[in-house]
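These notes are about the structure you will find just below.
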Amino acid sequence: MPSYTVTVATGSQWFAGTDDYIYLSLVGSAGCSEKHLLDKPFYNDFERGAVDSYDVTVDEELGEIQLVRVEKRKYWLHDDWYLKYLTLKTPYGDYIEFPCYRWISGEGEVVLRDGRARLARDDQIHILKQHRRKELETRQKQYRMENLFINRFMHMFQSSWSDFADFEKIFVKINNTISERVMKRWQEDDMFGYQFLNGCNPVLIRRCTQLPEKLPVTTEMVECSLERELTLEQEVQQGNIFIVDFELLDGIDANKTDPCTLQFLAAPICLLYKNLANKIVPIAIQLNQIPGEENPIFLPSDAKYDWLLAKIWVRSSDFHVHQTITHLLRTHLVSEVFGIAMYRQLPAVHPIFKLLVAHVRFTIAINTKAREQLICEYGLFDKANATGGGGHVQMVQRAMQDLTYTSLCFPEAIKARGMESKEDIPYYFYRDDGLLVWEAIKTFTAEVVGIYYESDQVVEEDQELQDFVKDVYVYGMRGRKASGFPKALRSREKLSEYLTVVIFTASAQHAAVNFGQLFLGMYPEEHFIEKPVKEAMARFRENLEVVVSMIAERNKNKKLPYYYLSPDRIPNSVAI
């Protein structure tokens with residue numbers, strides 16, 4: 001009778017092991033085996049981190065193994081189990097890998113295919129087509145487009161500050177040389193400008209090509225800041241003037257959830273100047289959008305604390321946009337859109353699922369938790385944020401109008417703000433490092449696409465892929481044409497770009513506006529088993545190591561190094 005050797009790997013995370021009964025069935029081209037209990041006498045099977053092997057003897061030839069069914073039945077109490085993978089040694093000496101990397105809860109089961117990535121066109125056998133279809137039907141019932149995360153230090157800010165010295169309280173928790181340097185210099189104009197380039201919200205500053213009418217600043221007002229003996233208009237023409245406009249906040253309702261606490265919002269416009277030292281410094285601040293006697297323009301030549309207070313209002317507005325739009329909407333929620341569409345439209349055997357799954361890992365879970373505790377009514381946003389009580393929702397609704405596909409394409413986003421010139425703007429490390437990481441990701445995605453799609457026609461004919469892209473457009477972007485999100489992909493090049501957007505948004509962009517933990521290029525879950533993809537991953541890691549070295553060399557002698565986009569500090573997803 002034919003005999004198979006089954007190897008079962010249990011996850012190493014807490015509570016991954018189980019005492020439940022585990023059964024195995026093999027489905028082959030010539031038949032299906034009986035259900036076999038995987039059990040060794042006097043041995044504690046399926047412990048956390050264990051790799052256990054079992055001999056399974058079947059009554060007759062099964063032919064080519066197509067599916068493996070794993071069932072878990074209760075022993076005493078319900079006991080979840082994390083199954084990493086199975087391997088199967090056939091009677092003919094072949095090894096087949098079956099990746100799983102998921103929890104099996106209660107009295108559940110999973111039906112696994114071997115680890116080779118397959119497009120739908122590659123499945124000609126009825127049972128494989130049926131498995132593919134059932135998997136998506138189950139997921140489409142489970143994942144619906146309904147399902148935030150805010151700064152870890154928000155709980156420290158639930159009372160008002162009465163003195164500048166109160167700022168130092170935060171540094172008890174985030175004590176490091178960079179934080180300390182910022183703390184000592186935060187009142188200085190060049191530090192204020194530097195934070196727009198390389199701080200936590202480096203996506204708002206843009207080159208000013210024309211002075212807006214709503215900011216009636218004149219050369220006479222700012223001439224003490226202009227170092228080239230040119231008029232303000234001439235400085236604009238030479239590309240030395242930059243602007244940050246918080247128009248998004250205009251008219252947003254301030255938090256009124258606590259009747260005993262008055263809260264306020266500003267919608268400032270900040271004009272900045274590149275001086276002869278190539279540093280970006282503020283030269284004019286107007287705190288609201290409509291000019292007038294009650295809305296003066298604050299200048300560096302004003303009294304010290306008038307100017308400082310104007311800058312603090314700008315920083316406050318920057319915080320609100322950063323938390324709700326740059327961080328929440330444009331990394332967490334966008335990643336969730338991609339994640340839900342992936343789960344609903346791509347089966348686990350699909351190469352694009354295997355490529356993206358590490359980058360949407362736990363995204364839905366962390367966003368759901370945030371909706372339950374942070375941005376819900378009476379949640380932390382309402383308690384600690386001036387845009388709480390509904391203002392944050394208004395902001396997201398407005399910002400959706402500017403959430404375009406192009407704005408998620410990193411090089412295009414930089415160009416759109418006129419910030420692409422390294423010669424003109426030499427200290428914009430967010431741009432420099434981001435471009436390096438973007439290119440490394442795009443090179444990798446192009447390699448993977450090339451392995452599974454030999455022509456543009458194969459991309460166009462991959463219905464599951466097209467359903468994934470359409471799902472993002474129809475449900476995530478509400479079918480809004482102005483979003484520029486594609487409804488379909490027609491070429492390998494466009495597919496590679498699309499995948500780069502997904503991965504960059506979830507990993508590098510989130511790291512730049514948040515922090516890093518488990519790192520880009522590291523794929524501990526081996527969803528791909530094919531040698532060409534593993535070689536592509538190795539090259540990807542090598543390219544990222546080059547970027548790490550370049551950034552480390554650049555930072556070596558800097559008093560204020562920038563490392564947020566160093567790949568060894570970039571997490572794979574927004575939740576890792």
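Any Cβ shown, glycine's included, is placed from N, Cα and C.
For ASP79 (Ca(2+) 1 binding site), the same-chain residues lying six or more positions away in sequence with a CB closer than 8 A to its CB are THR18, ASP19, ASP20. Look at TrEMBL and you will find GLY17, ASP79, ASP80 tagged as Ca(2+) 1 binding site.
Around ASP39 (Ca(2+) 2 binding site), a 10 Å sphere centred on its CB holds 13 further CB atoms from the protein chains shown. Under the heading Ca(2+) 2 binding site, TrEMBL lists ASP39.
The Fe cation binding site annotation in TrEMBL covers HIS327, HIS332, HIS510, ILE576. Contacts of HIS510 (Fe cation binding site) defined by a Cβ separation under 8 A and a same-chain sequence distance of 6+ are given as HIS327, THR331, HIS332, SER335, PRO571, SER573, VAL574, in order along the sequence.
Sequence annotations record features per position, and here TrEMBL assigns domain 'PLAT' to 2-118. DSSP assignment over the domain 'PLAT' (2-118) gives 0 helix, 59 strand, 58 coil.
The domain 'Lipoxygenase' feature in TrEMBL is assigned to 145-523 (among others).
If you look up TrEMBL, you'll see 524-576 (among others) marked as domain 'Lipoxygenase'. Helix, strand and coil counts under DSSP for the domain 'Lipoxygenase' (524-576) come to 28 helix, 1 strand, 24 coil.
Just so you know, the Cβ of TRP103 (site 'Essential for stabilizing binding to COTL1') picks up 15 other Cβ atoms within 10 Å once every protein chain is counted. Annotation source TrEMBL lists site 'Essential for stabilizing binding to COTL1' at TRP103.
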Could you name the residues, excluding GLY17, ASP79, ASP80, of the same chain that surround the Ca(2+) 1 site, i.e. Cβ within 8 Å of the Cβ centre of those residues, in sequence order?
-> PHE15, ALA16, THR18, ASP19, ASP20, PHE46, TRP81, TYR82
Neighbouring C-beta atoms (10 Å sphere around the C-beta of ASP80 (Ca(2+) 1 binding site)) = 15
GLY17 (Ca(2+) 1 binding site) to TRP103 (site 'Essential for stabilizing binding to COTL1'), Cα to Cα, whole Å, comes out at 10
TRP103 (site 'Essential for stabilizing binding to COTL1') and ASP80 (Ca(2+) 1 binding site), Cα-Cα, nearest whole angstrom | 7
